[in-house]
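To start, the structure under review is shown below, and the notes come after it.
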Amino acid sequence: MGLAAPKNRSKISNDPQNTTWANNTSRFGHRILTSQGWQPGDSLGASDAAHAAHYTVASQSHIRVLLKDDNLGLGAKRGSERAENFGLAGLESILGRLNGKEAEVKKEEERREEIEKRAFVYRKYGMMNFVSGGFLVGDKIKSRDEVKTETQAKVEVKSEPESDGAKEDDRKKKRKRKDRDEAGVEGEEEPKLKRKKKSMDLRDQAKKDIAAESSKDKKGKKSKKDKKAVTSDPEPTSSGVASPASDPEPLTDKARRKAEKKARKEEKRLKKALKKAAKEAAKPMGDVEDLSSESEDESTPSASRPATGTSTPTVSAAGLTFNPRGMHSVRQKWIRSKKSATMDAQAMREIFMIKTPS
């Protein structure tokens, strides 16, 4: 039925805590519990249980019922988010500091912070109370002091005075162990030093080879320049670098890779140019003339043309027709009207309200 259903109004009783039922001693539950040894005010369960230490006054009191008078869901946060309670804690701390009660204010803030932390843990993980489950080993509970005294007594029994001969043997063993360790360290360091020396020699040799090659290259370049200056024409060349064809020496790997890359790029560029030229040649001359006339018509001011709701198909530079639809057609129409308005001098005067001299 929904909203059309009959309204059943429930009347709130004058006893919301249900104390009449709780105080009624003629109930079956009350009678059977009292026969088992329970009395009003006691908590349920064995009094000598492992978790009996965690019982509080709330365990013996009545269950509290909170009247729901809002549209919040079940388990929603209530009370602290009400408008009348907003900012009261901050105001109290400010007034306390002004009255010279900084220590009390700090304690109160720490207490509130601790409560918030506990509430966060409760919301995220639930209530976590440690309940002792008894002891695994032994029936008697011993204090820490007793355990400490027992361990000290055991240590005293074990530590007996050693003879002088045993002490001397220990010293000899330690000395021998120390000598062996030192010999092992020296033996490990020797191959390391040899390897280091060898690597240093190799580095020096490599440096010498590089220096010799660079000096040889410089000499070769100098002799080439001298030959070129003697045999070259008086006209200045476009680039000072010698061509790879006239270079008698073989190219390095890097230069060869660069030359190959350059040749590939040049080949690609030529292919593209040939393809473009073939396309242009294949196009009929009539299409080209039509395109040029259409572009001229578009460039002239079209103030006299009436604006229609339909979009006209546009021709791209490649000869393909493009018929805009939807958002594109509206935008193209707006661009055309804007272009025509800016190209018309009279329309611009009307927009900017400029009077023409009569």
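Here the Cβ of each residue, glycine as well, is placed from N, Cα and C on the backbone.
The region 'Disordered' feature in Swiss-Prot is assigned to 1-26 (among others).
Sequence annotations record features per position, and here Swiss-Prot assigns compositional bias 'Polar residues' to 11-26 (among others).
Taken from Swiss-Prot, the feature domain 'G-patch' covers 25-79.
Positions annotated as compositional bias 'Basic and acidic residues' by Swiss-Prot: 146-171 (among others).
The region 'Disordered' annotation in Swiss-Prot covers 146-342 (among others).
Tertiary proximity for the compositional bias 'Basic and acidic residues' (199-217), restricted to same-chain residues at least six positions away from its ends with a CB under 8 Å from its CB atoms, involves no residues. The compositional bias 'Basic and acidic residues' annotation in Swiss-Prot covers 199-217 (among others).
What Swiss-Prot records for 218-227 (among others) is compositional bias 'Basic residues'.
Here Swiss-Prot flags 287-299 as compositional bias 'Acidic residues'.
Sequence annotations record features per position, and here Swiss-Prot assigns compositional bias 'Polar residues' to 300-315 (among others).
Positions annotated as compositional bias 'Basic residues' by Swiss-Prot: 328-339 (among others).
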Per DSSP, the domain 'G-patch' (25-79) contains 15 helix, 0 strand, 40 coil
The DSSP breakdown of the compositional bias 'Basic and acidic residues' (199-217) into helix, strand and coil residues is 19 helix, 0 strand, 0 coil
